[in-house]
Amino acid sequence: MTYEAAADIGIGERASIAKSAVLERSAVIDLEAVRHNVRQFVAIASPAAVMAVVKADAYGHGAVQVARAALDAGAAWLGVAHISEALALRAAGIDAPLLAWLHTHESNFQAAVAAGIDVGISGWELDAVVAAAREQERPARVHLKVDTGLGRNGCTIADWDQLLGQAMDYQDQGLLRVVGIFSHLAVADEPHRPETDEQLAVFREAIAMAEDAGVDTEVRHIANTPATLSRPDSHFDLVRVGLGVYGLSPFEGATSAELGLHPAMTVRTLLSNCKKVPEGQGVSYGLNYRTSEESTLGLVPLGYADGVPRIGTGGPVRVNGVNYPVVGRIAMDQMVIDLGPLTPEAAAELRGAEAVMFGDGSDHGPTADDWAAAAGTNNYEIVTRISQRVPRSYVNEVPAQPASPAGVAAEAKAGAL
Ligand SMILES: Cc1ncc(COP(=O)(O)O)c(C=O)c1O
């Protein structure tokens, strides 16, 4: 269809095209799973509040939908990396407290101040944010970030006193309000490592220095998902939870289920083709795989343009209740599974069958963790990289009756490490 013809089609036809695209291939996001996970973290973190981290389009799940579900379930804050991501949430009508922490000289601090977006400050941003506050005639809301050991963003402890002094000067002039002090952990997903203790000690020192400088913050925050689960002493006033909101485990030795979390994303499609082939049939570019006997090949219409890692050969795809490893190279649009010897009738029947790349893992179905293992990466990357070529669809958009707070608390504590 040409672009002109596409522009001519009516709303009904467009809806039916969108519906068939979703039926063909989709990332289905269960918003009740998101709400469940957030309720777990609210219970675990209490009395600290929860910031749902919805950067990178909510790790691929859809920032606006996840943000609304997370707020429904008790998250008090939202967090993103970029001001542009925060502005998109404000444009969708979301007015919850919202922090953006990663900037460049081209970041739109004016828009952030105008939209009441909190801005993370490592040092150099302070003057630019104050200039924006002057322009907007409105005090900026800032969270001062200290580098406690991660070596990325944040002010070094050596420069911290100076940053505190500058920020307090500006606060005294009514140009900003120091809302928070924060930092980020490097190895909380490996709870046995000593560096988390060292980072927490530096963070406590930074807080003490801030108090000495007269800073009176609303929130001090350093914990991510793994720290929230494994280090109650890292909770302070607020925890910033990303991965856990999506129901995924940050720990190598623990599944989502063991942590009481529900994975929210299922990537599914339909088998495009299913055909009998002889022994020795080569599969996909490079012919790196050959059938060891007469067999049946299933063609899965998902490839690296959809976000499947090209290196992930061997990752599982579930058809008819069985997990089959992907064989041969993963291509831009497609990948292949070897279904073994089937009758021609059985093969024909499987054409159009549902194929699940990963989901919540119930009934031993494939998970984002399985794909992370196949691709030598982590589950963060697997869900985040599912591209916009795969339409998102949402289930359970409307909240169910909330569970009793006591029940949620007991379940959450049982799931925590
Ligand atoms: C500054 C900051 N805080 C919190 C998070 C959330 O981390 P996690 O997804 O492990 O909860 C991230 C994500 O990388 C982050 O960059």
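For all residues, glycine too, the Cβ spot is worked out from N, Cα and C.
Automatic prediction, not curation, is the source of TrEMBL annotations.
Same-chain residues at least 6 positions away in sequence with a Cβ under 8 Å from that of Lys55 (N6-(pyridoxal phosphate)lysine) are, in sequence order, Ala63, Gly79, Val80, Ala81, His82, Glu85, Gly242. DSSP classifies Lys55 (N6-(pyridoxal phosphate)lysine) as helix under the three-state reduction. Annotated N6-(pyridoxal phosphate)lysine per TrEMBL: Lys55, in sequence order.
Residues or ranges marked as active site, proton acceptor by TrEMBL: Lys55 (among others).
With a cut-off of 8 Å between CB atoms and residues at least 6 apart in sequence, the same chain places Gly303, Tyr304, Ala305 near Met332 (substrate binding site), listed in sequence order. Feature annotation from TrEMBL assigns substrate binding site to Arg152, Met332.
The domain 'Alanine racemase C-terminal' annotation in TrEMBL covers 264-395.
Tyr285 (active site, proton acceptor) falls within a helix when secondary structure is assigned with DSSP. Annotation source TrEMBL lists active site, proton acceptor at Tyr285 (among others).
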Tyr285 (active site, proton acceptor) versus Arg152 (substrate binding site) - Cα distance in angstrom: 40
Arg152 (substrate binding site) CB neighbourhood, other CB atoms within 10 A: 10
Mean predicted confidence [pLDDT] for the domain 'Alanine racemase C-terminal' (264-395): 97
Nonlocal neighbours by CB distance (under 8 Å) for Tyr285 (active site, proton acceptor), same chain, sequence gap 6 or more: Gly328, Arg329, Ala331
